[in-house]
Amino acid sequence: MPKPIVAIVGRPNVGKSTFFNRLIGERRAIVEDIPGTTRDRLYGDTFWNGREFTVVDTAGLLFGDEDPSLPEVEIARRTRVQAEHAIAEADAIIFMVDGRDGLTTADADVADILRTTAKPVVLAVNKCDSQERMLDAVEFYALNLGDPIPMSAFHGLGTGDVLDRLTEYFPPKTFEKDEERHLRVAIVGRPNVGKSSLLNRLLGKERSVVSPIPGTTRDPIDTTITYYGEPITLIDTAGIRRAGKIERGIEKYSVLRTLRAIERCDVAMLLVDATEGVTAQDTHIAGMVIEAKKGLILVVNKWDAITKDSQTYYEFEHRVREAFKFVDYAPIVFISALTGQRVSHLLDYAREIYAQRQKRIPTSELNNFLREVVVQQPPMAVKKGAHLRLYYAVQPQTEPPVFLFFANDSELVHWSYARYLENRLRERYGFQGTPIVIVFRSRERKEER
């Protein structure tokens with residue numbers, strides 16, 4: 001079941017970023033060193049009441065850093081744009097207002113917009129860091145958006161109440177029956193790299209509106225086909241375009257659409273334009289796929305438009321591999337969606353990666369493997385004088401494959417040894433196209449006897 005997307009909207013300086021950082025601070029610290037992601041995240045995942053959801057800093061996504069010194073008219077316009085995009089893209093909305101400032105005209109204007117949607121809206125009155133402020137929150141009943149919830153993002157007061165209300169709106173958890181599970185493939189990439197053309201080629205018909213104007217594919221489109229007797233769902237998305245002027249904020253907001261598609265897929269086909277080469281946006285999207293731990297195929301499209309000699313393919317492949325060296329397990333396929341060149345290979349790769357993601361190594365075999373690789377290269381502890389020992393390993397999860405290694409002290413494991421184990425696992429068992437997760441856990445002392 002896809003994670004709900006929650007957008008935080010409100011005027012500048014009401015505390016949206018403070019609340020956002022409080023929600024995803026730990027998560028952000030974990031992923032900030034992944035290639036293709038940045039330290040200042042605009043979105044992230046968090047948990048509450050047993051539910052995981054994606055929270056989005058809507059203002060930052062649309063406009064970058066907020067400037068409270070902007071003219072009041074411009075602040076109001078930007079806040080309205082946030083609300084409109086949240087209504088269009090999010091599953092639920094947190095509307096944040098400032099309890100110190102009290103009710104403003106801009107707040108009322110946004111409330112008018114939010115009341116037009118059937119999507120749930122939680123009214124959070126921030127900066128209520130005293131009993132008096134909390135009592136003043138009743139003023140916001142006038143917005144007619146339900147009970148205002150007093151809170152302080154800075155101190156953490158009342159944030160749990162906001163999240164309690166939010167998760168009440170989430171649909172009940174559902175679990176697919178085994179027979180309903182089948183391969184889902186997302187076609188992702190920047191605008192005008194040929195995503196819809198590829199979808200049409202795979203379908204053999206015009207399913208999406210295709211135009212040289214970037215962004216003509218507006219919303220994710222799901223189509224299920226049958227390939228060698230097996231159903232495959234293809235998800236086409238609006239592309240991600242480089243940051244531009246405020247008026248083009250809607251293009252930056254397409255990040256949410258790609259996030260949603262990646263979250264729902266098993267394998268992502270990331271299209272790169274051969275005529276432009278690999279861009280920073282391409283590697284950023286690859287980082288999103290890594291973070292979601294989904295399978296990945298690097299697809300170089302428009303290969304027919306490249307003038308070639310005997311070395312062109314090898315030189316271009318080397319450049320692509322260098323740019324995406326942080327996903328060296330992903331296959332590279334050169335295609336032309338226009339002519340159909342090698343397009344048929346893509347579904348074969350996707351099916352194989354899907355199978356690799358479901359692969360499970362028997363515990364006995366995995367521990368034979370562990371003994372072998374430890375003998376070949378014993379682990380070195382990160383602390384001088386300390387001795388690191390790896391006892392045994394299990395694979396508790398698939399999709400993606402997760403391997404849990406028990407050690408005398410997990411803090412002694414150097415990152416390079418985790419990389420060594422991953423490389424050896426791939427050499428022995430494949431796992432082409434899918435990330436694998438290596439986890440170390442300290443064994444209890446009483447177990448060491």
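From the backbone N, Cα and C atoms, a Cβ is placed for every residue, glycine too.
What Swiss-Prot records for 4-174 is domain 'EngA-type G 1'. What Swiss-Prot records for 10-17, 57-61, 126-129 is GTP 1 binding site, and it gives sequence analysis as the kind of evidence. If you look up Swiss-Prot, you'll see 183-358 marked as domain 'EngA-type G 2'. Taken from Swiss-Prot, the feature GTP 2 binding site applies to 189-196, 236-240, 301-304, supported by sequence analysis. Swiss-Prot lists 359-444 with the feature domain 'KH-like', giving sequence analysis as the kind of evidence.
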Where the distance is taken from Cα to Cα, which of the binding-site residues GLY10, ASN13, CYS128 turns out closest to LYS195 (GTP 2 binding site)? GLY10
Give me the DSSP three-state residue breakdown of the domain 'KH-like' (359-444), ordered helix, strand, coil. 32 helix, 22 strand, 32 coil
Can you give me the average pLDDT across the domain 'KH-like' (359-444), rounded to a whole number? 92
Taking the Cβ of ASN13 (GTP 1 binding site) as the centre, count every other Cβ atom within 10 Å, in any protein chain shown. 15
What's the number of neighbouring CB atoms sitting within 10 A of the CB on THR237 (GTP 2 binding site)? 27
Using Cα positions only, nearest of the binding-site residues to GLY10 (GTP 1 binding site) (GLY189, ASN192, TRP303): GLY189
Given the binding-site residues ASN13, LYS16, CYS128, state which is nearest to ASN192 (GTP 2 binding site) when distance is taken between Cα atoms. LYS16
Alpha-carbon distance [LYS16 (GTP 1 binding site); TRP303 (GTP 2 binding site)] in Å: 44
Structural state of TRP303 (GTP 2 binding site), classified by DSSP into three states: helix
Please report the distance from the Cα of GLY189 (GTP 2 binding site) to the Cα of CYS128 (GTP 1 binding site), rounded to the nearest angstrom. 43
Between the Cα atoms of CYS128 (GTP 1 binding site) and THR237 (GTP 2 binding site), what distance do you get, rounded to the nearest Å? 40
Can you check what DSSP calls ASN13 (GTP 1 binding site), collapsed to helix, strand or coil? coil
Distance from THR237 (GTP 2 binding site) back to ASN13 (GTP 1 binding site), taken between C-alpha atoms, in Å: 33
